[in-house]
Amino acid sequence: MQSLIHAVSSLDESTPDSIAAGVFLKQARALEHAATTIGPEFAQAIDLILGCSGRVIVIGVGKSGLIGKKIAATLASTGTPSFFVHPVEAFHGDLGMIAAEDVIILISFSGETDEVTRLVPFLRRFGNRIISLIGRAESTLARHSDIALLTPADRESCPNNLAPTTSTTVTLAMGDALAVALMKSRGFKPERFAAFHPGGSLGRRLLTRVKDVMHAGKLPVVKPDRLLRDCLWEMTRARLGLVLVLDGSRAIGIVTDGDLRRALLADPQAMSSPIANVMSRQPVTIHEEEKLADAEMIMRERKIKVLVVVNDEGATTGLLEIFD
């Protein structure tokens with residue numbers, strides 16, 4: 001922390017890049033300080049949410065409201081049912097969205113935001129438990145919350161100390177801390193995350209099986225007793241840049257277009273050579289039911305661009321290329 005304090009104090013914020021560096025350093029310093037203020041109330045908040053049979057409702061206004069929307073979205077996508085309610089809309093019908101078993105997270109850096117504090121009596125009447133994210137421990141909202149989580153920020157990054165900047169960063173980090181702690185407490189797995197994000201690349205990789213995207217059907221195949229020229233014809237037909245060498249239904253080798261080029265450079269008469277002289281033996285295989293993410297990991301670790309896909313009997317059923 002001392003290094004951050006020195007870095008902030010020694011900055012000459014006279015140019016845009018030095019101003020930007022100053023903002024990063026000030027906010028990093030605030031986050032580092034906030035980490036030292038976390039007490040037993042954080043674990044209490046986690047226990048309260050874990051024991052909740054309803055949803056987590058996040059409420060805030062202004063910049064705190066925008067941060068609240070992100071916190072609610074993060075919670076919802078990581079296994080904690082959650083949504084955001086605007087406090088003004090709550091007074092005009094949206095209180096009907098809140099059930100007694102829901103836990104409420106109220107966000108107000110000052111702890112005195114009128115639109116937020118005015119909701120407390122109504123939430124109490126419903127029987128809701130309240131967690132507040134506040135910058136001041138001695139505030140109205142802190143006093144009327146079941147659990148108050150402090151999000152301290154001595155000064156905003158704004159030169160006039162007015163625009164919410166550092167304070168919103170610390171509040172957002174507290175929301176992320178809640179989400180991560182809840183994920184670990186629940187044993188939240190990547191597969192569940194993918195289930196909530198089916199449209200993204202992560203969802204595709206974790207939910208898609210190898211058999212869903214592999215090349216199947218009439219694969220480029222030759223027998224081990226054939227010549228290299230037979231590989232060229234089969235490779236040209238399939239347009240995959242490689243040929244499988246099969247002994248029955250099992251892949252015993254693979255020949256790529258790169259193997260062909262290297263063989264011809266070494267010996268112009270290589271086309272008449274047996275395939276066994278050129279093929280790469282024992283190609284890497286993967287079961288057709290494995291996840292695409294696992295296939296990609298194997299390819300990265302082995303630094304290869306193709307996997308031979310097999311079934312339970314070890315028979316070749318397809319090919320998976322890195323660009324699939």
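Placed from the backbone N, Cα and C atoms, the Cβ positions cover glycine too.
Annotations in TrEMBL come from automatic prediction, not curation.
According to TrEMBL, the features are:
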type	residues	note
DOMAIN	45-188	domain 'SIS'
SITE	LYS63	site 'Catalytically relevant'
BINDING	HIS86	Zn(2+) binding site
SITE	GLU115	site 'Catalytically relevant'
SITE	GLU156	site 'Catalytically relevant'
SITE	HIS197	site 'Catalytically relevant'
DOMAIN	214-271	domain 'CBS'
DOMAIN	279-324	domain 'CBS'
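On the backbone, the CA of HIS86 (Zn(2+) binding site) and the CA of GLU115 (site 'Catalytically relevant') stand 9 Å apart.
Distance from the CA of GLU156 (site 'Catalytically relevant') to the CA of GLU115 (site 'Catalytically relevant') is 22 Å.
Secondary structure at GLU156 (site 'Catalytically relevant'), taken from DSSP and collapsed to helix, strand or coil, is coil. Here the CA atom of LYS63 (site 'Catalytically relevant') lies 13 Å from the CA atom of GLU156 (site 'Catalytically relevant').
DSSP places the residues of the domain 'CBS' (214-271) in helix, strand and coil in these numbers: 23 helix, 17 strand, 18 coil. Most other Cβ atoms within 10 A: among the recorded sites GLU115, GLU156, that distinction falls to GLU156.
When pLDDT values are averaged over the domain 'SIS' (45-188), the model yields 95. Taking all protein chains in view, 16 other C-beta atoms sit within 10 angstroms of the C-beta of the residue listed as 'Zn(2+) binding site'.
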